[in-house]
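Read the structure below first, then the notes.
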Amino acid sequence: MSPSSSSSPPLKSQPQTPLRRRPKAMKPPKNHHKHHSDQTSIPKLKPNRPITEILWVSLVATCIKFLLIPAYHSTDFEVHRNWLAITHSLPLSQWYSDETSPWTLDYPPFFAHFEHFLSFFASLVDPIMVNLQHGLNYKSQPTILFQRLTVIVSDFVLVFGIYRLTRNLGYKERVLIWVLVIFSPGLMIVDHLHFQYNGFLLGILLISLSALEEGKDFLGGFVFAVLLCFKHLFAVAAPVYFVYLLRHYCRGGLIRGFGRLVIMGTAVVAVFAAAYGPFLYHGQIQQVFHRMFPFGRGLSHAYWAPNFWVFYIILDKVLAFSLVKMGFSVQTPTASFTGGLVGDSSPFAVLPRITPMITFSIVLLAIAPCLIKAWKDPQPRMITRWIAYAYTCGFMFGWHVHEKASLHFVIPLAIISLKSVEDAKHYFYSSIVSCYSLFPLLFEAQEYPIKVLLLLLHATLMWIGFSSHFTTTNRKAAETEQTRYDKTRFIVGWFGKLYLLGLVAVEIYGQFVHPILFAERLPFLFLMMISIYCAFGMMYSWIWQLRQIIKLH
């Protein structure tokens, strides 16, 4: 039939129509396959991306540091300039005995060698800078620029350390931690205004911690030994390192454990031999230790660090004042209530005198819970928390503690601030208190806006970062369990708000009330108020960390 006959030819010819070739015609072009292969290769490039990202973050921070070069610098600037001159002009055997300047060399040998290394470049920039006699109190523009740049360049050790610790975290987590550490207002104030090299030294500490968290115990212990030969004040964490490495690295039976103990001990001894051996050869080792441990400086620094001894000092003065009013014969301390000086010339009037051995014993006792934890269950994921707690104990109960030492535990606390919302809240408070306690280091009017803006920027970034991180993390839980969501949100409670408002009140008093009422009669009263009020915040931080050490497994 015609219908059937008319329909059959098309069916037979259908395989030869263009419809048959459509899949081939729809095949993606070559450039599409190339793009697809590029997309599949992206995960292979991920390990390199954190380096690029952190370099951009550090570049922005470096630009800010450049802007701070002309700003105020303390006597520590002259201290380090003099150390350049000592190590450049004198033989090694006289480094720790020279007294041309009152700012004598009192850091361990590796830091002296670091200054010696810098002195070669300093002599090319301005030879007077490294002249022992003519360079005293020398502050030429090339000298200021050179010394500021050495701090900026050495900060890349900190950048590398924080990169190692966070490179395996998610993008948002690691960037937030980078901002907290690299843009730390405390480091900006102490290193790039006041003038020191804390960022470089803390970078070495972070490299050591990153090795321990990765299970590379030998490298972590070796790097920490090197750090102690740069700055001995980091030795507060040495008991934690010793117990942790003994239980974690030296495990595996008696023979294997003893062998590893010998290997680690040999490496540590080699580091200290390289540092102190030349001075032992020249008969200067006793002089080196005398400079490094000047116990005659007294229990507290001229500006009281906000630690436990602030309460002890104030209690002694209150008791002495009360007993005198009651008619008792009490020896009155030489320093006045607002003198800000507590040393050998100012013994306590009522309470027992504190010696270096007492402070050492109290610090060791305070660290004991951490040591017990490290002995029973040495976990790499806990080591940063333990080290931060150890440095908090050293700050709270140590001998002649400087306010700048709070950086030793605030920076490691930033690393663990994203572990939980409670860690974030604790870091939020402790970092603000630490930064504010450093404000008296910058006492000139032109630096006041800088330190205030640094703190406000830090607080704002923390607030935004923590709120975003914990809200995003727990949003899924919020859909099914609102109560749990509320407990895991980053919210500053009423008590924390009241305490932070108290900081604002103290600052308002210092800027507007104190200059009018007490500037002449009680010049150090405002500094004492900062120390005492911040000491409450630091005490809270120590107690909170202690509870976490005991509670966490």
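Residue 1 is the first one shown; counting continues down the chain.
Including glycine, each Cβ sits where the backbone N, Cα and C put it.
Please treat TrEMBL annotations as automatic predictions, because they have not gone through curation.
What TrEMBL says about this protein:
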COMPBIAS  1-10  compositional bias 'Low complexity'
COMPBIAS  19-36  compositional bias 'Basic residues'
REGION    1-45  region 'Disordered'
TRANSMEM  54-73  transmembrane segment
TRANSMEM  144-163  transmembrane segment
TRANSMEM  175-190  transmembrane segment
TRANSMEM  196-212  transmembrane segment
TRANSMEM  219-246  transmembrane segment
TRANSMEM  258-281  transmembrane segment
TRANSMEM  302-324  transmembrane segment
TRANSMEM  354-374  transmembrane segment
TRANSMEM  386-402  transmembrane segment
TRANSMEM  452-470  transmembrane segment
TRANSMEM  490-510  transmembrane segment
TRANSMEM  522-543  transmembrane segment
With pairs closer than 6 in sequence left out, are the transmembrane segment (522-543) and the transmembrane segment (386-402) joined by 3 or more CB pairs under 8 Å? yes
Note: vs the transmembrane segment (175-190), the recorded stretch with the largest number of Cβ pairs under 8 Å from 54-73, 354-374, 452-470, 490-510, 522-543 is 452-470
Please report, as numbers and ranges, the same-chain residues at least 6 past the borders of the transmembrane segment (354-374) whose CB is under 8 Å from any CB of it. 236, 239-240, 243-244, 247, 295, 299, 309, 312, 348, 382, 386, 389-390, 393-394, 396-399, 542, 546, 549-550
Quickly jot the same-chain residues contacting the transmembrane segment (219-246) by Cβ under 8 Å, restricted to those at least six beyond its ends, or write none. 107-111, 114, 201, 204-205, 207-212, 261, 264, 267-268, 271-272, 274-276, 292-293, 363-364, 367, 370-371, 374-375, 378, 383, 386-387, 390-391, 393-394, 398, 405, 408
